[in-house]
Amino acid sequence: MCSSKLSCSFHASPPSLRYYPHSRPLSNLKPTFILAPCQRINNGCTTRFEVGFQTSLRRSRGDPATKIAAVAMLHPNPVVSDLIATGLSGTIALSILRFFAETTKRHVFDQKLNRKLVHISIGLVFMLCWPIFSSGRRGALLAASTAGVNIIRMLLIGSGMWKDEATVKSMSRFGDRRELLKGPLYYALTITGACAIYWRTSPVAIAAICNLCAGDGMADIVGRRFGRQKIPYNKNKSIAGSVAMALAGFVASVGFMYYFASFGYVQKSWEMLLGFLVVSLASAFVESLPISTELDDNLTVTLTSILLGNLVF
C-alpha cells in the first residue's frame, strides 16, 4: 500500500502525442507534464504519466497583442469537422451569390459594379474560411470542393441546361449566359485549383487569389471612375486602373499573409512581402496588355500569378 506520493513507484506508458498542424511549429511549443493521482493496482501503485504540449505565448515589446495559434475544430471528430466546415463555407459562398443576385434584381448597384463586387468578395471571403478546415490533403480537397461546385454551376448555366437569369445578370457583362463559360468559369477554376494544389501554406495560393479577386476587381472599378488617362499600348486600359490593381492585389496578399501567419500556416517575412509586390506588379502589367482583352484577364492574371509565384516564393 502506498504510504505517500513520493514513495510510489510508477510505470509510464508510452506517451500519446497528438499534434495539430493548424498550430504553431513545435519549436514554439513547451512540453507539459501531468502526473495523475496514485492509483492502487494489484497491491502496487501505478501513476499515469501524460505528456502534452502547450503553446508558448510571447508578447512583443511595444506590441499589445499576444500571438496565439488557434485551432478551429468544429467537431471532436476531424472528418466530421471537415464536413461541417464544407457545408458552412458552401452556405456562406452561396449566401453571397444570392445576396448580389438580389441586388441585381432590385437595381441597388449598376450591373458592372455589381459584377465586380461579386468578383472581389466571393474568393476573398472563401479564403477567410480556410482555417476551419483541417490541415492535410483531406481538408484541402473538401475546401476545394466547395469552390468546385461553382465550376459545375457555370457549366450548367452557361450551356443553358440550368436557367438562372439572376446569376447571369450578376456575373456577366452583357447579360449573355455564354459569358459564364469564360471569365466566371476561369475564376472558379482558379480558386478551386489554388485551394486543392497549393492550399493555405503556400504564398502562391494567396497571390493568385488576391490578384484575381481584389486586384482585377479594383482595376475595373477604379478604371471606370478615374481612368481618363489611357495606357499608350492599350487604349482600353487606364493608368489609374492598373495602379489600383497592383495596389489592391498587393495589400490583399499582405493582409492574408498576416492572417494565415496568425494560425501558423505561413511564416511572414520581408522576402515574402517583396515576392507579393513583384507578383502584383507583374499581374497588373499583364492585365493591361491587349492579349488580356482578347483572351480573358481572369485567365492571364491567374497564369501570371501562379507561374511567377512559383519562381519568387
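Yeah, the Cβs are placed from backbone N, Cα and C, and that goes for glycine too.
Because TrEMBL annotations are produced automatically, they should be read as predictions rather than curated entries.
These features come from TrEMBL:
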TRANSMEM  83-101  transmembrane segment
TRANSMEM  113-133  transmembrane segment
TRANSMEM  139-162  transmembrane segment
TRANSMEM  183-199  transmembrane segment
TRANSMEM  205-227  transmembrane segment
TRANSMEM  239-260  transmembrane segment
TRANSMEM  272-289  transmembrane segment
| said: Below 8 angstroms Cβ to Cβ, which residues of this chain, lying six or more residues outside the transmembrane segment (139-162), approach it? | reply: 82-83, 85-86, 89-90, 93, 126, 129-130, 133, 168, 177-181, 184-185, 188-189, 191-193, 195-196, 199
| message | Quick test of the contact rule: Cβ under 8 Å, at least six residues beyond the ends. What residues does that give for the transmembrane segment (239-260)? | response | 124, 127-128, 130-131, 200-201, 203, 206-207, 210-211, 213-224, 226-231, 266, 268, 272-273, 276-277, 279-281, 283-285, 287-288
